[in-house]
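Some notes on the structure that comes next.
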Amino acid sequence: MTSLTHGPAPRCYALVPCAGTGSRSGADRPKQYVPLAGRALVAHTLDALARVPRLSATLVVLAPDDELFDAAVPQAAGDARVWTARRGGATRAATVAAGLEELLARGAAPDDWVLVHDAARCLIRPEWVLSLIEACEADEVGGLLALPVADTLKQEEQGRVAATIDRQAKWAAQTPQMFRIGLLRRALAATGEGVTDEASAVEALGLRPRLVPGALENFKLTWPADFGLAERLLQTMAPASDSSLARGAAVATAGGAR
Ligand SMILES: Nc1ccn([C@@H]2O[C@H](COP(=O)(O)OP(=O)(O)OP(=O)(O)O)[C@@H](O)[C@H]2O)c(=O)n1
Ligand SMILES: C[C@](O)(CO)[C@H](O)COP(=O)(O)O
């Protein structure tokens, strides 16, 4: 039963920065629009997020001059849980910061959670998103999907190894990264555009985000060779079992999108 003295339970929103150019990808267009297994890369990303019932809505932040999204993801126009905003900035951090303002303008509360997920991680699975939500929703700070580094790490100087770096306790950060909207907004305002992920901004406030084990498959498509690999994985992916997500559905349905 809802208490009379407390507000409604915090909701979860996804925020997908989708305003990059993909300069390292070698593609003939922004990488999020490269076709993979018959659909644009970002369409796969949004499909997976759409199968997470705990998400009240997903905000896709596009470049101000984006002319590709509507044709690349036609189903978004008819989906009340997908919102778009042409407010992307010069850096990922600027795009995310603008997206947070948009969420607040659309009725999200500072205490609500936001899960920032790269458009470019199109192999995300609904069950991994749910595992992040379940690990973080009772957490003071929030957290992120990440993977312990498996390889021996080398420090390069002019094409040669200058040092071998201790990999003990090193993790590679992935997305989604889940924080309260108000906290992340404050963190990004303090750090500016230099940070490459949300956790870095939150860490700069002296906080310690929770590391939640992710999956190797949830890699970020960055280099030309990544596209063929992602396409092969998409083609062989078993359909996710939506029943495993049902335990999250009741919470989202009770609130709906604001
Ligand atoms: N100004 C920017 C830069 C990046 N992104 C988004 O942030 C995610 C992760 O960034 P990255 O892989 O670095 O994408 P790009 O910046 O597009 O790639 P590159 O660095 O190779 O140019 C992508 O979904 C990208 O669209 C964004 O929304 N706004
Ligand atoms: C957020 C991120 O995907 C975590 O690995 C990464 O930091 C994005 O960095 P990039 O500079 O945009 O590639």
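The backbone N, Cα and C atoms fix where each Cβ goes, and this holds for glycine too.
According to TrEMBL, the features are:
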- ARG24: site 'Transition state stabilizer' (SITE)
- LYS31: site 'Transition state stabilizer' (SITE)
- ARG167: site 'Positions MEP for the nucleophilic attack' (SITE)
- LYS220: site 'Positions MEP for the nucleophilic attack' (SITE)
Quiz item: Near ligand 2, which of the recorded sites ARG24, LYS31, ARG167, LYS220 are found, taking a Cβ distance under 6 A to any of its atoms?
Solution: LYS220
Self-check item: Of ARG24, ARG167, LYS220, recorded sites neighbouring ligand 1, Cβ under 6 A
Solution: ARG24, LYS220
Quiz item: Hey, of LYS31, ARG167, LYS220, which of those recorded sites are within 10 Å of ARG24 (site 'Transition state stabilizer'), Cα to Cα?
Solution: LYS31
Quiz item: Which whole-number value in Å describes the distance between the Cα atoms of ARG167 (site 'Positions MEP for the nucleophilic attack') and LYS220 (site 'Positions MEP for the nucleophilic attack')?
Solution: 21
Exercise. Other Cβ atoms within 10 Å is the metric here; tell me which of the recorded sites ARG24, LYS31, ARG167, LYS220 scores highest.
Key: LYS31
Quiz item: What three-state class does DSSP give LYS31 (site 'Transition state stabilizer')?
Solution: helix
